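Got a structure for you, written out below as structure tokens; questions coming shortly.
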Amino acid sequence: MRLYNTLNRKKEEFVPLNGNKVNLYACGITAYDLCHIGHARSSVVFDILVRYLRFKGYDVTFVRNFTDIDDKIINRANETGVTSTELAEKFIGEFYVDMDKLNILRADIEPKCTEHIPEMIELTQTLIEKDHAYATPSGDVYFKVRSFDDYGKLSGRNIEDLQSGARIQPGEEKQDPLDFALWKAAKPGEPSWESPWGQGRPGWHLECSAMSEKYFELPFDIHGGGQDLSFPHHENEIAQSEAATGKEMARFWVHNGFVQINSEKMSKSLGNFFTIRDILDKFMPETLRYFLLTMHYRSPLDFSFEALEEAEKGIRRVYSALEQTAEALNKSKWSKAALPEEVLAEIEDAEKGWADAMEDDMNTAGAMGHMFTLIRLAGRIGEEKSWRKSEGGRDAWIRILEDMKKWGEVLGIFTRDPKEFLEELKLCMLERKGIEVAKVEELVAARQEARKNKDFARSDEIRDELIELGVEVKDTPQGAVWSVI
């Protein structure tokens, strides 16, 4: 498998550092608010990376932290009249609700910053002893950026460029504007812990260095997060961990791209900010997950409700095909005929294509293209009378369903019972249109009655009325079947 390594700015062959074992650390949320679709994207990306590595047979240990002490948490807690701990616990709980809906597997280890204060103090002391950090008279501790020669190697920034925009704020006791806080002296009303430098709390960058070093020996295989974390957060993590240990921190640095709204970065100030809950009020969770896979994980992803509706059509098409294929396999008699070799070759090409796409920097969009190839092929087999009644057609359908199930488990989609999913989707789409199911079923029944009475003019009127509502009716031997357009 080739993965893009931000550290070296190129795709590289991924080979675990320790045999079959893969250690992966991803930065988690700062628990002060509901998760937005940017969090959903990052979580889905690393969920699929873990799933795919396990699918390949690797023994993966996945660590994803929770930042449960931070300026944002303290400020929000003060605004709402709760403690920082209460606020963080509330939003960690809400995080799990959202992630479970999106079919995101729990990480193996989910450390919280406040449970690792001794490790953070120890790391800070080591950096001071090695002259990479210094304590100020007021009890802050800063990392000496210029003491670490490789600073900037992840983000490609150099000290001179950083220096030009750096300023020491009034009241700060930095020796250099570039230095960043490892430990912050306590302020009135803030949570704090005892340390050699007095009461205080850890800086954000220190937290991830200390927690990743606790659970993994350096270097570990993969460190991940959103593109916005590469600088300064991940750059500072590298500086801290490598200055303290003299070892490389992580072999691969993997970053997912931004979610954009109309080609602009999502932000509350621009009024284009959507939480996961905002989306799931209108769409099924699997539709959102599917949408997040339609673009390569490193590319910007342009979000819109229109794009989600297109994703909804795609996912409905797949589940409908899975349902039809499963029903077609319920035949009891099959002719001995085989399928043409070129049809079998199409299946093999799709199987190879899916594997090649995933091996090439986890190209989920390309992989899903090959899944649609199989779905189209399943439909073609059903349309060709001699194929759909043959053992060759039956075996091809079985193989296609097995491939879709196997690949769906890796991508976390297409794994539900199709009939159940499509029924839920129908109700979800109706609710979004503001139409009650009872109203639709009443009209469908009235149309059936008109047809029974050979009142075709009335039947057509009702059909047109349903189409106006966005509902299509098909007449089948089993009766009228309606769907949302």
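Every residue, even glycine, has its Cβ placed from backbone N, Cα and C.
Feature list, courtesy of Swiss-Prot:
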type    : residues              : note
BINDING : C27, C208, H233, E237 : Zn(2+) binding site
BINDING : K268                  : ATP binding site
MOTIF   : 29-39                 : motif ''HIGH' region'
MOTIF   : 265-269               : motif ''KMSKS' region'
Taking the center of the Cβ atoms of C27, C208, H233, E237 at the recorded Zn(2+) site, which other residues in this chain have a Cβ no more than 8 Å from that point?
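So the extra residues in range turn out to be W204, H205, E207, S209, H223, G225, L229, H234, N236.
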Let me make sure I understand the structure: which of the binding-site residues listed (C27, C208) has the fewest other Cβ atoms within 10 A of its Cβ?
C27
Below 8 angstroms Cβ to Cβ, which residues of this chain, lying six or more residues outside the motif ''HIGH' region' (29-39), approach it?
66-68, 70, 72-73, 76-77, 87-92, 94-95, 98-99, 204, 226, 258-259, 266, 273-277, 279, 288, 303
Give me the DSSP three-state residue breakdown of the motif ''HIGH' region' (29-39), ordered helix, strand, coil.
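Helix/strand/coil tally for the motif ''HIGH' region' (29-39): 3 helix, 2 strand, 6 coil.
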Could you find out if DSSP has E237 (Zn(2+) binding site) as helix, strand or coil?
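Once the DSSP labels are grouped into three classes, E237 (Zn(2+) binding site) ends up as helix.
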Sorted by position, what residues of the same chain at least six away from E237 (Zn(2+) binding site) have a C-beta under 8 A from it?
H205, C208, S209, S212, H223, M249
Are there any residues at least 6 positions away along the chain from H233 (Zn(2+) binding site) with a Cβ closer than 8 Å to its Cβ? List them or say none.
C27, W204, H205, C208, G225
